[in-house]
Amino acid sequence: MLPAGSLTTTAPADRPSVLLVDDRVENLITLEAVLGPLDLQLVRVTSGEDALRALLEQDFAAVILDVQMPGMDGFETASYIRRRPRSRLTPIIFLSAVSTDVSHVTRGYEAGAVDYVLKPFDPAILRSKVAVFADLELERRARLRSESLLLGAMRSSPNGLGIADAAGVVVHANPAMAALLGRPAGALEGETLPDLFGGLAPGDEVLRKLGALQQPGDRFEVELELRTGVPVQLVASLVSEAEGQVLVELWDLRGRIEVERARLALAGEQAARVKAEALYEREHEIASTLQQALLPAELPVTPGLAIATHFEAGGEGTQVGGDWFDTFTLPGGRIGLLVGDVSGRGVDAASRMGQLRSVARAYALEGHPPTEVVERLNAFHQVLAPDDMTTLIYAVVEPDRNVVRIVNAGHPPAAIAVPGAQPRLVDGSCPALGVVDVCDAEEVVVAFPADAVLVLYTDGLVERRSEGIETGLARLLGALGQAPDIETTRGRILDACGTAAGDDVTVLCARAAPRLGLEVSLTLLPEPNGVAAARRLLRRWLHEVGVDAEDSVGLVLAANEAWQNAIEHGHDFAPRPVLVDFARGADDVTIRIRDVGGRGLPPGDPDRGRGIELMRAHVDDLDLNLGTPWGGVVVLRRLVGAARAG
């Protein structure tokens, strides 16, 4: 029975279920359409209270939860979900149309979300994220069925069977083992192998051989007499290398004929172990897919910069690492490049990686300088994972100045190659995130002219157990010779450095383009650094497309007046984007400035209004479409070259 006010669509009963929570039915219908191709059982509810009731009645692969709801909002609902033992590990994805203010994002993660998606969202990205959690749910069900069958077989086995963890503590023992050791059924859990076999002849040899088991398939057999006087054959084998679990089998030698018959079953156990290895490979694929889903789906279009990336997950089973990268455009035509490495492994590391990536992007897009972004990330890290640490390197490329600003928080150094100079490493680093309570980040500014190459990476590219890191860094620098394009550079780096077994490898390569191109698009926010960068970028572009110096000065004045007006009158200095496009035609240049404010035209002011006349004085054509519900547009056009001379 579903909660009142809930809607559901049917799917085969063995398919995973996903809970959709939104007070607006049209939003639920949209989510159902987006997730329909996954063939899931979708349960739709319209309030946080109904969501909690649904979670009492069934398990879900994921919960997609709207933040803004009447009554119990998304954050409160998430906190209740996390308090309940049955649903405390259920993945929660927040959907929100609220401001990108980082406090909302942070609050979502503090409430227990694994992701925070802003509306409007990319259907394909949301669908891929939900598909990962659906696959994880199927694997969880399969594992539970397998464990249930295994425990059932152990309980019914006439031979003594027990499983011990890496510390030698018994986590499960069947009644037959308890009987052989003279203990009541269920009394062995929590005992240690030294307690059970230490001091026996040859019990100490058993303990030594147990410690020598290194990988799945390793095993040994030994005969000994228990303290109960029962002669047994002890067979021990390593079940899981990752968790260090050992299967201990006791064969009662008082019935040797029965023992010999039971040995025939070992062949079946070997086949089961081979199947278990295949399951580990599948678990690795699921964890790796989750990690990939939290990385950027595509690279941004960045005038003045070519970017190429490589990511390869390492580890076995679910033990993938926490490598990550991100690229994004910043106000004024600048570009942010980010590479990090979260400590730990597995799904937990991948989840923390996704949270840090989202928060880092939010801080950067707010307009904070690189040092402040890293300092704020360190403060967030203290709340997110105070007992862990993360290394990170953040670079901001400024095509308007031909420089790159780099802040390194305990990460391997960036490598840079500038035409006419030897490739080198960029020195300077502050502590990794989470190491100190207050981080004083340091910024290094490096020249980044045309055809210069910057490489950010994680330690899996250069570290090897058999050699010092200097050798790996030398290989990296040796691969940074002249190349026709950034993809070739990336390929040379991977060929020269290879990959480290068991460790993630992330590489982000960026190359400064000689020209910005005939068309350039950028965004502006009401912050001075981005506005100044836009002016410098426009001057560079006008020079590249053949506009003479005198015309360039006038066009920069007119464009600056237009986008300053858009920031003030269109948005009232609110942190909303102003969109700017430059285009070179056959005989003219066009600059288009659009705000998304919709505030209407400002009231008349006799002391103002001269900006339009200033713009008219420096262009041949001025098109104004201001004060509309969807914002305002200003288009500046000026003839150039022969067309102007004529």
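Backbone N, Cα and C define each Cβ position, glycine as well.
Keep in mind that TrEMBL annotations are predicted by a computer and have not been checked by a curator.
Feature annotations, reproduced from TrEMBL:
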type: DOMAIN; residues: 17-134; note: domain 'Response regulatory'
type: DOMAIN; residues: 146-204; note: domain 'PAS'
type: MOD_RES; residues: Asp66; note: 4-aspartylphosphate
Could you tell me the mean pLDDT the prediction assigns to the domain 'Response regulatory' (17-134)? 88
Under 8 Å by Cβ from Asp66 (4-aspartylphosphate), counting only residues of that chain that are 6 or more apart: Val21, Asp22, Asp23, Arg24, Asn27, Gly74, Phe94, Leu95, Ser96
Helix, strand or coil: which one is Asp66 (4-aspartylphosphate) in, per DSSP? strand
Please list, for the domain 'PAS' (146-204), how many residues fall into helix, strand and coil according to DSSP. 24 helix, 11 strand, 24 coil
